[in-house]
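If you check TrEMBL, you get these features:
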type     : residues : note
COMPBIAS : 1-27     : compositional bias 'Basic and acidic residues'
REGION   : 1-43     : region 'Disordered'
DOMAIN   : 141-193  : domain 'PAC'
DOMAIN   : 200-245  : domain 'PAS'
DOMAIN   : 271-323  : domain 'PAC'
DOMAIN   : 355-487  : domain 'GGDEF'
DOMAIN   : 495-750  : domain 'EAL'
Amino acid sequence: MREHDKAAMAADPARRLDPDANPDRGEGPPGAGGDAPAGARRHDDDALRARIEHLQCRFDLIIQATSDALWDLELGDRDVSDPECPCWFSDQFRRLLGYATREELPDLLGSWSSRLHPDDRARTLSAFAAHIDDRGGLTPYDLTYRLRRRDGGYRWIRALGRTQRAPDGKALRVAGAMTDITDSMVLLDLKRYAEDIATRYRDQASLLDKTTDAVIVRGLDGRIQFWNKSAERMYGWSAEEATGRLAAELLYADRIVLEDINGHILARGEWRGEIRHRRKDGTTFPVEVHGTLVLDEAGEPKSIMVINTDITQRKAAEQKIRLLAMYDSLTGLPNRTLCMESLGRALLEARVNDGMLAVLFMDLNRFKEINDTRGHGVGDQVLVQVTRRFQAVLGAGETLSRLAGDEFIVATPVLDRATAVDVAERLQGALTEPVAAADHTFFIRVSIGIAVYPMDGASIDDLLGRADIAMYRAKRGGGGHVFYRPEMSDGLAERMELAKDLARALNNDELQLYYQPKIDLESGAMVGAEALLRWYDARRGWVSPVDFIPVAEARGMMAPLGRWVLREACRQMKAWQGQGLHFPGRLAINLAAQELDDGTLAGNIVDIVRAADLTPSLFELELTESGLMGNVERAIVVMAALKTAGFALSIDDFGTGYSSLAYLKRLPVDKLKIDISFVRDMLNDRHDRTIVTTILGMAHNLGLSAIAEGVERAEQAEALRAMGCDEAQGYYYGRPQPPAVFARTWLAARAGSSR
C-alpha cells in the first residue's frame with residue numbers, strides 16, 4: 001500500500017473500513033427507501049454489520065501487516081498544542097518506540113510531541129501547526145524528525161499526513177503514517193561521511209602538493225609511502241621513483257642519523273631539528289625536519305610523516321646577518337663585537353698556557369682631515385687600502401680587527417716585548433709608501449699603543465684601555481709605537497684634574513695673554529703681533545699650551561676660552577690706546593676649530609670688539625688649516641661674514657693639512673702662515689725647503705701674503721727673505737712677552753724698531 005493511501009485511509013473513517021467505498025454515495029443499496037418493509041430492513045442491517053465486521057477485520061490485518069505507524073487526530077475545536085489532546089496511534093507506533101500497551105503510551109498527542117528530539121521539536125511542531133492552519137491545503141505534511149525511544153535512543157521518522165477539511169477549509173481531521181528511516185539515514189550519513197572523507201583526502205592531497213614543504217610518509221620499515229609534488233621539486237626524484245624506496249638510501253649520507261631520528265620519534269611521538277639531505281644530483285642542502293608518528297585505529301605506530309623545509313636561503317640570510325653583526329662591512333675585518341670575542345679567547349688561551357698576549361691599539365694620524373676635506377667616500381677607500389696593507393704584513397695568529405672609524409686592533413701571542421715591537425714596526429712599515437685614492441695621494445702615519453698581558457692588565461677592558469692610553473701618547477709624539485707604562489694612567493688622572501683646574505682658572509680670570517711680534521722681512525719693522533694664551537697655576541707653575549689646549553679641546557672648552565682671549569685682547573688694546581701707545585698693524589688672535597661650529601661666532605666676535613669701542617680693522621683672526629678643513633662650507637660662510645665686518649684672516653700651520661687649491665681659492669683669506677715644522681729644518685732638508693718655496697709661490701699666485709713662524713736664526717730669516725717671504729715670527733725676533741714688557745720693547749719704540 002502506498003504511503004499516501006495509508007494516510008488517506010487513516011484520515012477517512014469510511015475508507016478505514018472499505019478502501020473501495022465511495023464516501024459520496026448513499027449509505028443504502030440502490031432503490032432503498034425509508035418505507036421499506038421491516039423484514040427487509042433487518043436483512044439489510046445484518047448484511048451491513050457483516051460487511052463492517054469484514055472490513056474491520058481487513059483493516060486490522062493491514063495495520064498488523066504494515067511496518068508503518070498510523071495515527072488519527074479528530075480536531076473539531078481541540079487545541080493541538082495541548083499534550084492531552086486525544087490522538088489515535090496504531091500498535092506499531094508503540095512497538096516503534098519500545099512500548100507494549102496503551103497504558104504505557106496512551107492515545108494522546110503528547111505521547112508523540114513529548115518524544116521529539118530537542119533539535120527537531122520546534123521545527124516539527126511549527127510545520128504540523130502550519131499544515132493544519134492552511135485552509136487552502138497548499139502546505140503538505142511531509143516531515144523528517146527524530147523520536148525518542150523508551151531506552152533513550154532516537155529513531156529517524158518520515159511522517160506523511162492528509163487532512164479532511166470543511167467547505168470553508170477548516171481542518172476537521174488529520175491522519176497519517178510514520179515510517180522508520182533510521183537505517184536509511186545511517187546509510188546516508190555513512191555515504192556523506194565517506195564522500196566527505198574522500199573530498200578531504202583529495203583536498204589534503206591537493207594542499208600537500210601545493211605546499212612549498214616536502215611532505216613524506218614512510219612506513220616503519222623505512223620505505224617511502226607518500227611523496228608530494230614539493231618533494232619532487234626539492235629532491236629531484238618523482239613520486240614514482242621515490243615511492244617504495246628506503247628513505248635512508250635516497251636522502252641520507254649517514255644512515256645512523258636517520259636511525260637516531262626514528263628512535264626519537266618512536267619514543268616521543270615527534271622530532272624537530274636541522275640536518276642535511278641529499279638531492280638526486282648528489283648535492284646536499286640544509287633542511288628543517290618535523291617528524292610525527294602516525295598511529296592506527298588501535299593506537300599502534302603505523303607510519304612516520306615528515307615535513308621537510310628547505311632552509312638554504314634562511315641559512316644564507318643568517319650567515320649574512322652574522323657577518324653584519326660580527327664583521328665590518330667596509331673592510332671585511334672583525335668588528336668590535338667579534339674583536340671582543342676573539343680577545344676573550346686569546347686571553348683565555350694565554351692564561352691557560354701561562355703565555356703573553358700583546359694588544360696593539362692603532363689610530364691613523366689626521367685621518368679625520370681626509371674624511372672632512374675629501375669626503376667619506378675617499379676616506380673609505382683609504383681605510384680599505386690601509387686594511388689590505390696591514391693584512392699583508394701580519395702573520396698567522398696575529399688577528400686584525402677594526403674597532404671603529406680609523407681605529408684598529410691587533411691581538412697576538414708574544415714571547416716578549418721585542419716580538420710586539422716587531423709586529424708594530426711591520427704595521428708602521430706597511431704605510432711607508434703613500435696611499436692613492438680617487439686621484440689623490442695621502443701620506444698616512446699610524447700611532448700604535450701597546451699593552452701586554454699579564455704585565456699591563458688581566459682583563460680585556462684593562463688591556464684595551466691601557467693600549468688606548470699608550471696610543472694617545474704615541475699620537476702626541478707624532479706617531480710611532482709606545483708601550484703602556486703605569487705612569488700614563490697617572491697622567492690620565494692628572495689630565496682630568498688639569499681640566500678641572502683650567503675651568504676654575506677661566507672662571508676666576510686667572511689666565512693671561514702674552515704677545516709676540518710679527519716682522520716685515522724687507523724693512524725689519526714690526527707689522528703686527530700675535531696674542532698667545534698662557535696659564536700660571538699656583539700648584540703647577542707655568543702650564544704649557546701643549547698640555548692644556550688638548551685637554552680644553554677634549555672637554556669642549558675651546559669656545560669659552562676663545563671668547564675670553566678676544567675680550568682680554570680688546571681690553572689690552574684699549575689700554576694701550578689709553579696710554580698713547582701706537583700699535584702698528586693688526587693683533588692676531590687664534591680661533592679654534594670647535595668655535596666654527598657655533599652659528600653665532602661671527603656675530604659674537606663683532607659684538608665683543610664693538611663693545612670694547614674698537615674696530616675689526618685692528619685685528620687678524622688665525623684659523624688652523626686642519627680646523628678649516630673640518631667643515632669647509634661652514635668655514636667659508638663664517639669667514640665671509642668676518643671678512644665683511646673688517647677682520648683680516650689668515651690660515652695658521654699651513655702645509656700640515658690636506659687643503660686643496662679648489663678650497664683655498666674659495667676661502668676669503670689674506671695670509672698663509674707657514675708651519676714651524678717646515679721652517680725649522682729648511683736649511684738642511686731640501687724637502688722642507690721645497691715645501692716652503694711651494695707655499696710661498698702658491699700664496700703669491702693667489703694674491704696672498706705669507707708669514708713664516710718659528711724663525712730662530714738669522715740664516716733662516718735671510719733665506720726666507722730671499723725666497724720672497726713677506727713676514728716672519730719667532731724667537732729670533734722676540735719671545736712671547738707679557739703686555740707691559742711687550743709694550744716697552746715694541747710699542748714704545750714704535751714701528752720703526754728693528755733687529
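Every residue gets a Cβ built from N, Cα and C, even glycine.
Automated prediction, rather than curation, is the source of TrEMBL annotations.
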(request) Calculate the per-residue pLDDT averaged over the domain 'PAC' (141-193) and state the result as an integer. (result) 86
(request) For the domain 'PAC' (141-193), give the DSSP counts of helix residues, strand residues and coil residues. (result) 12 helix, 30 strand, 11 coil
(message) DSSP on the domain 'GGDEF' (355-487): how many residues come out helix, how many strand, how many coil?
(response) 58 helix, 41 strand, 34 coil
(message) Within the domain 'PAC' (271-323), count helix residues (DSSP H, G, I), strand residues (E, B) and coil residues, in that order.
(response) 12 helix, 30 strand, 11 coil
